[in-house]
């Protein structure tokens, strides 16, 4: 029994000895770690005697040493680390400041004094610009700076603590809202912390996503500029209670992320004192004007350049000869391609009925352009296939389209060599030239004896041979030709008249074809001029409009 008691006591003593050693080692490690943190952690007094504040976003509300994970309640086992003293100071400071603080009362010593609030906007992202609903979505940081005399302390009484971060719902805040908010909350949520300084200065910078109303003019789309404003001001306090002062003259864009479609050209801020009709007091607001410009490269490549190509394809219709029979086919093909293109890009163009965008006007102009080309082509083909049996060419058409316009358009009609060749091969007897007819009429008749031979019976061959040497007109006037000769003469006269009629018909048809060619050339130049000036106007009109507005 005695041996068993000694063994049990020895075991108990060993366990107690190990427990004491473990506690000593733990306290030593705790003191070492706490000392290292106290020398480097923000919010503690540094070696230079300056109090460094904690990094933004970290909670700095004071906590007791019993709540610190490295502090122990049993002082007999280990000493409390040095950092716990700072925690106790912050907790004591927090309770001192907010024990009798009312966050619903304006922080002024005199009721007649206004609270001066310095205000600034920093933009981080231009999220979206909705042209249809006229809404601009932005991601902003709103910086508020004001002084609260009830939140002042002496840093020497609280271990050199000069700054303190507290929840924003614990302090009084100015009720600054976005007046022209379109969707969402008008007021910024107070879930972030505010930075307090020992002299009572408070800095509160909450982030917010606003969807503001922005009246947009998309007349010059996709080369448009928009001027969207953000109007901030107190919702309930007038100027006698809150006086807003703007920090700087422009929006802070140091942390701005570039947008792929819009570029912020300028973002200036202005302070306004306005007296509304509802109230007698004067209210102060700060308005930031965002002058943004659309980046048109996407729309130029995918929208404007294809329209230009389709428009210039229409011009080729008037250069295509009418005899090929493909003029109307080309016009309809261009019209179908333009229609399919319009169906594809309908969702790209802002759908609004307030104004017609410039690109919409150009697409409408191109559609009318192609449709008019079809009508002109049908009219030209109708002129091209006219004949003397269906139409008679008026005198003014001959004067205008066969003489005047070809000279203006520098068109030279080619000579009809076949007509000259046919005129050269026409027989003298059937010629309609006045000189030849005159010679035939004045030719002296043959002697009487030669004429008497015609009544003497001769061989047919000899008579024909002698008859062939006599003039045709004299024979028809002074002799009675045989039936065979009359048939031959009638056939020759019929052939000559038929050839003359065919030549006249061919001349009239050629004149109608030439008129159609002149009309084609006129509309070719007209469409080229209209297409070029329409395209140039597409690019110059936004430039002139923006220059005039600026």
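Glycine is no exception: its Cβ is also placed from the backbone N, Cα and C atoms.
Nobody curates TrEMBL annotations by hand; they come from automatic prediction.
Within the set 387-415, 416-444, 445-473, the record from TrEMBL flags 416-444 under the feature region 'Disordered'. As annotated in TrEMBL, transmembrane segment covers the listed stretch 328-350 rather than the other ranges in 328-350, 489-511. The range from 269-291, 522-544 that TrEMBL describes as transmembrane segment is residues 522-544. Looking up the ranges 230-251, 362-383 in TrEMBL, the one annotated as transmembrane segment turns out to be 362-383.
Note: the stretches the transmembrane segment (522-544) and the transmembrane segment (297-321) are in contact (3+ CB pairs below 8 A, sequence gap of 6 or more). Below 8 angstroms of C-beta separation, residues 304, 307, 310-311, 314, 317-318, 322, 327-328, 331-332, 334-335, 338, 342, 356, 512, 515-516, 519-520, 523, 527, 530-531, 534, 538 of the same chain, each at least six residues beyond the ends of the transmembrane segment (362-383), sit close to that stretch. Within its own chain, the transmembrane segment (297-321) is flanked in space by residues 221-222, 261, 327, 330-331, 334, 337-338, 341, 345, 348-349, 359, 362-363, 366, 369-370, 373, 376-377, 380, 520-521, 523-524, 527-528, 531, 534-535, 538, which lie at least six positions past its ends and keep a Cβ under 8 Å from the stretch.
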